[in-house]
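Undergrad: Before I ask anything, here is the structure I am working with.
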């Protein structure tokens, strides 16, 4: 243990013994130990926190003969410090003073009231408003993976059982958990990205029987058959470990966790981890949030809708009934001009989902409740807007919102219009709500009038015009006079405090009043706290319908955002059909188009049973990758319920989206660029089906030309001929354009460019057939490659082209896929005779004789040829 760690506690002060006892219960996390207006940290905790938070590390006297390292943060600013710690993957135990200092003979009684971890945040100040904060747990039971996830700030609880390590990696990439609980005896798959929030838990926390007992107790059921979870032992083991962890950290009931959802792999389009990154759904390839699909689609007006949109984006559905209901709702919002009215009403909605979670945990603040009150007051207007809407989904959501008149009335009676931030100082409960509180407040408030009267009376009685009556928390009420006038005070004044320039006194009458008033104020604050806790308990007992309201409001916001985007960006409703194929008319890349100042060049796509693969050639920067990605994004958008950037889109069933676009070294995993590329390619070849959409860009470029071309050819041939996946295959290997001759399901298309002098113009239009050239040197010039290098490259290119032409004329190295060239034919008799003659030496007579001789030789060869052709025909007929 480090030198700053405490030794045996028997030699410590009583307060430090208390600290060490509590710290021993939480050895692996930071302990915030409440002392007055500060949370203090000691020993190793202090050293770690000082480094992480950049706060002062000092010492607090000695205990057991050694100085005590100490650091602290003020209570009023604790949330900002907690936020910084959890972002760095730290967990913190909050230890509060729960005893009364005035009645404590030893150290004030303290206990840990909650544990803040990266995955269990619920406080508004600690959460990203538009991002879900997920706690996940991973188990392996009977050789099957189980993954459970919980968003504590909403109560959303689910489990799944990934089929293999690739599916597990895809699910973790989708969930992006802030904290992952793992059996400490479990060895994680190599290369699995788990982030900084990895928490190891004892193996017995993942036992199936324990998990089942915990879950049935939480939901008040005999078994878990009603959730469809009874056959998912690995998932249940993870869910049980997760629930136990949340109970330990929150130390309260969890009434907002009401159901467990089982997610099946075939319910959604599978997008593996690499493909999710390549498509830049929420994060771009640099790790930022700009220029992503979410940044274009998210025009939601409240945080609940934004988080729901992102959940949909990360898990596109395959259920056409659900998707068509969403498409119809978006269409009706546009057609009936409901979009703006609905968005205007939703704009003032509070984050009810998270407010209800804090209500359930007993941590809701007064302004949470006024936010809930204002939201409930808007529900009748929302329902009126959607009354008679021509989309069943909109009607259902309006009904799901409800109106909750009793809850609204309760909140209106209980709370003042503008309450303070916290309940601690009172002023939250409205006048008239509770007679006892009103009586105590009246007594307390009348004190002000009494004090003014006392001050005026004492000034007149003593003749001291500057005499004041005041109050502070330490010394209570006092009469204050300047030191120069202290000799004039009456004998019954009892000195209470001496300050620079003033003296403070107390009177028996003022002391009696102080006892009475302070007692009333303390009782009023205590009564108000009790009433507030009763209000929270009342709301918590009826959470289910309010949670349904929150879910409906979030979906309405998301659908209205889809409608707004469709109107603003000229999107169209996609058709989802049973038959195979993908047909997109005048499709555009949603993110690139949104970022351009000028118009985007649209392109068509047709893939069906007869045409399964496009071999895409063309220059760098010509738009090959953009074209491929736009097909994937249009497909994905259609499967979350959004309209799509195209004149029309008709899409058959899609089960997976794969992308093999770009690559870089995996230094941490010890994998080269080519190894990363081949690993991703192998995943596609093992898992793609006839309903998968596959994007392959520049396969084989990470190795030698012949190796790369061979791999690219074999990969494309397998996808087109055997797996028959919908494939867009971009390549710079011109030899690949010969593939359609051998695979009828493949076709060539290209993106062209034109040259104007030294300039190159990319047309970005997809055209039939292969490209004529790659324009690599022109692109290098655009990139700023120095002129001398370009000139040297041109000279080398000319030399290579001349060598290639010579080899075509005199082939001595075969093309990789060409048939062996036949041997050169022997010279004919006429050619042999002609080669032996010098024309300059012939007389006219000799020349005429030679002509007749050549004619005879030629006639004989023609006869031989005719005889050979006749023999061949006879052989075939036999």
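Numbers here mean position along the shown chain, with the first residue as 1.
The backbone N, Cα and C atoms fix where each Cβ goes, and this holds for glycine too.
What Swiss-Prot records for this protein is below:
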type	residues	note
BINDING	618, 619, 620, 621, 622, 623, 624, 625	ATP binding site
COMPBIAS	800-811	compositional bias 'Basic and acidic residues'
COMPBIAS	863-878	compositional bias 'Basic and acidic residues'
REGION	800-842	region 'Disordered'
REGION	859-878	region 'Disordered'
Undergrad: Per 10 Å Cβ neighbour count, which of the binding-site residues 620, 625 ranks highest?
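TA: Per the Cβ count within 10 Å, the most buried is 625.
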Undergrad: Setting 618, 619, 620, 621, 622, 623, 624, 625 aside, what same-chain residues sit with their Cβ within 8 Å of the center of the Cβ atoms that define the ATP site, listed in sequence order?
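TA: Apart from the listed residues, the neighbours are 626, 751, 762.
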Undergrad: Can you tell me whether DSSP puts residue 625 (ATP binding site) in helix, strand or coil?
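TA: DSSP assigns residue 625 (ATP binding site) to helix.
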Undergrad: Count the other Cβ atoms sitting within 10 Å of the Cβ of residue 623 (ATP binding site), across every protein chain shown.
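TA: Around the Cβ of residue 623 (ATP binding site), 23 other Cβ atoms lie within 10 Å.
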Undergrad: Please give me the CB contact count at 10 A for residue 621 (ATP binding site), counting all chains in the structure.
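TA: Here the count is 18.
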Undergrad: Validating a neighbour-count step here. Other CB atoms within 10 A of the CB of residue 618 (ATP binding site): how many?
TA: 28
